[in-house]
Amino acid sequence: MLLPRMLEEVVLAVPARDYDRVVAGLAVEGIFHVDSPPQGVKGEVDRSYRALLTQASERSSRIRQYFDLAGVEPYRVSGVEIEVGGWGESWKRYLEKYSGVEKFYSGLLEEYSEAEARLKELLDIEARIAPVAHLDVDIARLYRSGAFDFAVYYGSYSEGLESRVGEIVSRVGGLAAVEASGGSVVVAVAVPKGALSKISPEILRLNLSIYTPPEGVPGSPREAMEYIRGEKARLGRRLVSIQEMASERLGELAEFYTVVTAFENIFKFLVSTLRRGETRIVRGFVDVRDSGRLRSIVDRMTRGSYVLLSLGVRRGGEAPIPSKVDLPQFLKPFSRVVELYGYPEPNEIVPTVFLAITLPLTFALMFPDAGQGLLVLLFSLFYLRRVSRDWAYVIAVMGGASVVSGLLAGEVFGPLVSKMLGLPELWYRLGLETPPYAMPTYAIDHGEEELVPVLVYRALNVSLFMGAFMLSFGTFLGVVNGVIKRDWVGLVESRLPRFLLFASITGPFLVYMDAGEAGSVLRQALLELGGDSIAAKLVLAGSVLGLAWMLLAGPIIYMLEGHSPLAGLANSFLEAYESLLMLVGNIPSFLRIMALALAHSSLMFVIYYLTVMIMQGGILADVVGALLYVGGNLAVAAMEGLLAFAHASRLHFYEWFSKFYSGTGVPYTPIKVEGVRIKIAGQTF
């Protein structure tokens, strides 16, 4: 769970007559990750399978578009049987079998794309017409006139515009009409043939733009807008109709997708296979737990006529190997977040377990409102779940965490609902002057302004504690990764001294959990050389030792390796400089936790007071105030929820992962056909 699984690298050689059965057996079991052919072994790859793999991959991608058209995630069905007499011939036969389904969805997708393109075109035309939409004149016809030049300009109105336009047009014996409305203006100009090109640059310099009648719509802007509205409505209905039609044959589409992805995986196996006479050779990786199963399957498929060469069991090394990550089911969705940064290497700690705790916690501290957290939770369960189950699970957990932090902050849809539910009184009954995570606006709302500095200070402590923990823990995990990778040089040169430096500086925030106390210790350590404080002296000693270690380790290691120590000194200087920059930049970066929490409570406080002010004018005012409060909650939940997720992810990716996690691994993807039985020569797998 904390480390990728140990994998065994094997080279498998089997007779050509048995190879199809071996491929089918291993694909059904899904335990063998096929890699590039073994180096140094003579043989050739059947290039025809590359073309078939390309076809299957393109088909698979296209089918996923068909699922998107129906508004559902791609899925496979079980119980599908593929009868194989030859992989290439069978592929063509099954394409023919499902050609009707493919033609149906291909036509729908083409029609949908055309309707979408037309809708986008109409929206662009609508935006162009909007400035002159009130004109009920066939402008396009006037533009085509052979007797005179005509043009319409639009823009922002400025004092004296009429006289300046009139002066410009009169010089060529033309006419101009200026219509101002609010801060906007429309100018129509008619001049003798050929004169427009002479005066148009001057008119454009008045901060006006020229209107060009779009093609394909009525020439009158007002009629064009009515036409566009009608077309938009018609196209909208057609798009909905196409999506409904796409849902009618999802069962057949899922079966087709199951077959196509099965062939796609089989072809991935075959393109990595070497042909050498009557022998087929393939190289790959298997989980050490499945080594026995692999040998048993191959032995059964070949009746003992095979050679399996083990190249060793390892977790990483010079040659790249895939990473197999095993996680409990309740943690797997969080791997989607980790994979946004990158996949773990086989010899580094998998951060998913830790992230599943720290990401919801960070999000909740930034977004402390039980009501809006509940909205996030419900949004995940009832909408996002249809788009992605994994992301719905992650967001639901984060929403649930916000429900808890909101209760601790005394916030449920802002102050108004919190008071209606009696949440502030609950904390009073528990013997607390304020809720444990109350924001400064809570004190202002309850007439306890003297508590504002206390609550700001409390939020500051929480932010700095989280930052200190994640930074020190991240550099510690960097040390652990160095040990796992046996990167002894990297450990001595950078990982250990960086951990010592970070632990020394962040330690006071963890020990005292008080920004003032921690700041006092750091001040004595850095400005008074420790003063009379033992803690400050420890901080100073750790910091100086960490920096000195970082600066000296490089030159010494370079010298021991027979290189110039000056090159090592330059590298060490950059390492020390980068570490100091991280310290200076990363710790304050965690103050965004406090900043977003304060911003959220302030927004809700403003909405609350506006609502209270409005709701003092009768029934209608009460309705308006209620709508404002509900709409404000929805807007803040959407905006602040997105911001909190973005900033929580940033703290993990840039401030935390950069200390220990590379994310440059390759996932272990065994060849696997899901929901498929393969029948070869009367034998079913």
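Placement of Cβ uses the backbone N, Cα and C atoms for every residue, glycine included.
What Swiss-Prot records for 172-192 (among others) is transmembrane segment, and it gives sequence analysis as the kind of evidence.
As annotated by Swiss-Prot, transmembrane segment applies to 348-368 (among others), with the evidence given as sequence analysis. Counting same-chain residues at least six beyond the ends of the transmembrane segment (348-368), those with a Cβ under 8 angstroms from any Cβ of the stretch are 1-4, 316, 325, 327, 331, 334-335, 337-338, 376, 394, 397-398, 400-402, 404-406, 408-409, 411, 437, 439, 462-463, 466, 470, 473, 477, 480-481, 484-485, 592-593, 596-597, 600-601, 640-641, 643-645, 647-649, 651-652, 656-657, 660-662, 665.
Positions annotated as transmembrane segment by Swiss-Prot, on the basis of sequence analysis: 394-414 (among others). Packing against the transmembrane segment (394-414) from elsewhere in the chain are residues 333-334, 336-337, 356, 359-361, 363-365, 367-381, 384, 421, 423-424, 427, 434-439, 442, 597, 601, 604-605, 607-608, 629, 632-633, 645: each is 6 or more residues past its ends and has a CB under 8 Å from a CB in it.
Taken from Swiss-Prot, the feature transmembrane segment covers 464-484 (among others).
What Swiss-Prot lists as transmembrane segment is 538-558 (among others), and the listing cites sequence analysis. Away from its own ends, the transmembrane segment (538-558) comes close to residues 489, 492-494, 496-505, 507-508, 521-522, 525-526, 529-530, 564-569, 571-573, 575-576, 579-580 of its chain (Cβ-Cβ under 8 Å, at least six residues beyond either end).
Residues annotated as transmembrane segment in Swiss-Prot: 604-624 (among others).
Positions annotated as transmembrane segment by Swiss-Prot: 626-646 (among others). Long-range contacts of the transmembrane segment (626-646) within the same chain, counting only residues at least 6 positions beyond its ends with a Cβ under 8 Å from a Cβ of the stretch, are 363, 366-367, 369, 371-372, 375-376, 395, 398, 413-414, 416, 596, 599-600, 603-604, 607-608, 610-611, 614-615.
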